[in-house]
Structure formats: C-alpha cells, structure tokens
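Asker: Sharing the record's features from TrEMBL:
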{"type": "DOMAIN", "residues": "5-183", "note": "domain 'Formyl transferase N-terminal'"}
{"type": "BINDING", "residues": "Gly13, Ser14, Asn15", "note": "N(1)-(5-phospho-beta-D-ribosyl)glycinamide binding site"}
{"type": "ACT_SITE", "residues": "His110", "note": "active site, proton donor"}
{"type": "SITE", "residues": "Asp146", "note": "site 'Raises pKa of active site His'"}
Amino acid sequence: MTLPLAILASGGGSNLQAIIDRIEEGKIAARITAVVSNKPQARALSRARAHGIPAIALPQDDYPDRAAYDAALLAAVQDSGAQAVVLAGYLRLLAPPFIAAFKNRILNIHPALLPSFPGLRVQAAAAAYGVTIAGATVHFVDEEMDNGPIVIQAAVPAGPDDDGESLAARILTLEHRIYPQAVAWLAAGRLAIAGRKTRLAPSSLPPADLALVSPCLVNPMLEEGF
Ligand code: GRF
C-alpha cells in the first residue's frame, strides 16, 4: 500500500526535500500527489518539479476572499487524489472544512517543543527567552493552531550565545530526521490517535544510529534509515 499525500509549503522546502528523498529511497510507503504553495516563487515548488511531482501555485491574491481561497486549496488537494496532507513550512492556517475533510490525516512540523512557543518566529523567541533545551514537534493538525496530538519530538541544546538563526539551523537538522519518520509511520498506518495522545504501533525495525545528530533526544526513537 502506498499512501497518496499532498504537501503544502510556503518556503524553502527543505523538509519537503527530506521527505522526497526518503520516499525515493523506499523508506516511506507514500507517493506525493502534489506540492501546493501559496507562494509562486517558493523553492518548494521547484524542488517538486525537479522530482517530477506536480507543483501547484495558489497565490492568495488571486482569490476574492479567504473562503474562496480555502475552497480552491481543498479542491486542488482533493483533485490530486491525496488521502493525507503534510504541512512543510506552510505559513497559513487551514480552514475548518479542510481540516474536517482530512480529519486525523494532516501532519505539521513546528520548530519548538510544543506546547512551548506556539506561533511564528519561535526559534528567535526561544533563544531570547534563554531556554537551554529547544527542539521540534511533529503533530496532527486540529482546529487550533499548533495544538493537535504529538507524534514525535526532538530536543537540542541551546545556550546563551544562540540567536534565532543558530537555533533554527540546529533544530532544522533534526526536523529533517523526525518529519520523514513521522510521515513513514503515518503511511504505514502505525499511528493511532486517542484523545490528546498518539500511539505508535510497534515494529521490528532496529533503532537508528543517532551519532550524527548527537547530543539530542528524540522520542519515540527513530528507526534505521531516518
Ligand atoms: C521549518 O522550520 C518548519 O518547522 C517551519 O517552517 C520551516 C520550514 O522550513 N514550520 P523548510 O521550508 O522546510 O525549509
């Protein structure tokens, strides 16, 4: 079984690239039906085209209001044949009808250890706050921002000399590990939501070698290949 999924992205698309790469390596049982961006110039779109993936630009200025935009976005994703949606740096809130259409089948990555630092520019906020541990969270998307059940989190050390940029770079390295892993679990049907919690069905895969990203903490543990 191969899960057809759409990826929404507004920016550079490095998380998109990490997911494409793991799919091409056969580590994620998914097929990307479309990459959709509200920013026509987003590098995410050119990354998609480079891999033969349909790239759809949907600039919000082309639509008279939010409702019209949201309907067009939902139509584009559904028409692509996607059965799940991955938000990879998508900087717009999804409308309730979109979330309802893909209930418990939308993942997001947030560059902070939720529920700390929801919202935007959170790496800079965490650095300014003086946290000593920062990180990233992959979670299911529900109607509230940065709120749904958590799938996986990764922590990195932070220090007094960090700023938003240095912290963002350290966190991004781990995003590229944990997001493909979470998508692989979703595609394999191993994620079950119970209330606020996500339960991961076990597998016999051996744990990943985390030496490359050490020191860090990732839980649940990454599996070989991620
Ligand atoms: C990542 O830090 C992600 O957590 C946040 O936006 C950034 C996207 O980076 N939501 P990229 O477009 O995947 O390179």
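Glycine residues also receive a Cβ, built from the backbone N, Cα and C atoms like all the rest.
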Asker: Around the C-beta of His110 (active site, proton donor), how many further C-beta atoms are within 10 angstroms, looking at every protein chain?
Answerer: 24
Asker: So which of the recorded positions Gly13, Ser14, Asp146 sit close to ligand 1, that is, with a CB under 6 Å from an atom of it?
Answerer: Gly13, Ser14
Asker: Name the residues of the same chain, 6+ apart in sequence, whose Cβ is under 8 Å from the Cβ of Asp146 (site 'Raises pKa of active site His')?
Answerer: Asn108, His110, Leu114, Pro115, Pro118, Gly119, His139
Asker: Determine which residues of the same chain, besides Gly13, Ser14, Asn15, have their CB within 8 A of the center of the CB atoms at the recorded N(1)-(5-phospho-beta-D-ribosyl)glycinamide site, and list them by sequence.
Answerer: Ala9, Gly11, Gly12, Leu16, Gln17, Ala18, Ala44, Arg47, Ala88, Gly89, His176
Asker: Around the C-beta of Gly13 (N(1)-(5-phospho-beta-D-ribosyl)glycinamide binding site), how many further C-beta atoms are within 10 angstroms, looking at every protein chain?
Answerer: 23
Asker: Could you tell me the mean pLDDT the prediction assigns to the domain 'Formyl transferase N-terminal' (5-183)?
Answerer: 97
Asker: Going by DSSP, is Asn15 (N(1)-(5-phospho-beta-D-ribosyl)glycinamide binding site) sitting in a helix, a strand, or coil?
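Answerer: The three-state answer is helix.
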Asker: Check Asp146 (site 'Raises pKa of active site His') against DSSP and tell me helix, strand or coil, would you?
Answerer: coil
Asker: Which residue, out of the binding-site residues Ser14, Asn15, shows the minimum number of other Cβ atoms inside 10 Å of its Cβ in this structure?
Answerer: Ser14
